[in-house]
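Straight from TrEMBL, the features:
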ACT_SITE  73  active site
ACT_SITE  73  active site, proton donor
ACT_SITE  218  active site, proton acceptor
BINDING   11, 64, 74, 75, 158, 191, 209, 210, 219, 220  substrate binding site
Ligand SMILES: N[C@H](CCC[C@H](N)C(=O)O)C(=O)O
């Protein structure tokens, strides 16, 4: 079974193409933990599977390292666009159906930046989903272990809990990220972003991803963090997000309410899985 390894700011994925190979017998939910293991497998934060779509050029299926299937993946859709550009006749504008809707990544080969319209943020607690009685969950205190975090809940098709702190390097992300990921307020679990304000146009962010752990970058998380920063009065609408793996540019348009994300993605190597 052929695969391509790709990365977007160090958030890395193993891509399989069901349009080129017969993958009908493969259970990727079961296979993901082994393939994503960085010692016993290839190593990755998740899988991307290229599939046929009736509504768009392609369908992108995302599987987290733990085998769970999220609605959307921001770094993943940029990697998907890079793969299509390199392997399907240099198409730089494509439509991709996902569980979060149809996305339109645009790859600029001159500067290797891929821009994606990530759609509108979802703030209604029941649709994030998060257990919260108010209209929007902004800076709500949530006790976890020996701390209390002020959480802003945003969905970009997948759930995020955004927390603003004075110094992200001082946060024990593996402990508190993991505890919040599975906190009972998030019935479908959540991705947890810890953000440090550098200016009204720039943040530093660390992320604990649902189903993957701490990663070097999270595209939907960067979008959720920018939206949370605007909603809580900390940020303007154009935000540079500094991640361990590099920089994402996020913009939340006041007129159409849509969030755009720009950043790189590259193929790293190709190989064959020996099952
Ligand atoms: N772990 C996420 C999916 C991948 C999101 C992240 N890799 C991104 O770039 O958006 C979730 O379960 O919602």
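For all residues, glycine too, the Cβ spot is worked out from N, Cα and C.
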If you tally other C-beta atoms within 10 angstroms for each of the active-site residues 73, 218, the top scorer is 218
Of the recorded positions 158, 209, 218, 219, within 10 Å of residue 73 (active site) (CA to CA), in sequence order, we find 158, 218, 219
Given the substrate site 11, 64, 74, 75, 158, 191, 209, 210, 219, 220, its other Cβ neighbours within 8 Å of the Cβ centroid, in chain order, are 70, 72, 73, 76, 207, 212, 215, 218, 221
If you rank the binding-site residues 11, 158 by how many other Cβ atoms lie within 10 Å of their Cβ, the lowest count goes to 158
For substrate, with binding residues 11, 64, 74, 75, 158, 191, 209, 210, 219, 220 per the record, max Cα distance (Å, no decimals) returned as 16
CA-CA within 10 A of the residue listed as 'active site, proton acceptor', subset of binding-site residues 11, 74, 158, 209 in residue order, equals 11, 74, 209
Long-range Cβ list for residue 209 (substrate binding site), cut-off under 8 Å, min separation 6+ in sequence, same chain only, gives 45, 64, 191, 215, 218, 221
Counting across all protein chains, other CB atoms within 10 angstroms of the CB of residue 74 (substrate binding site) number 30
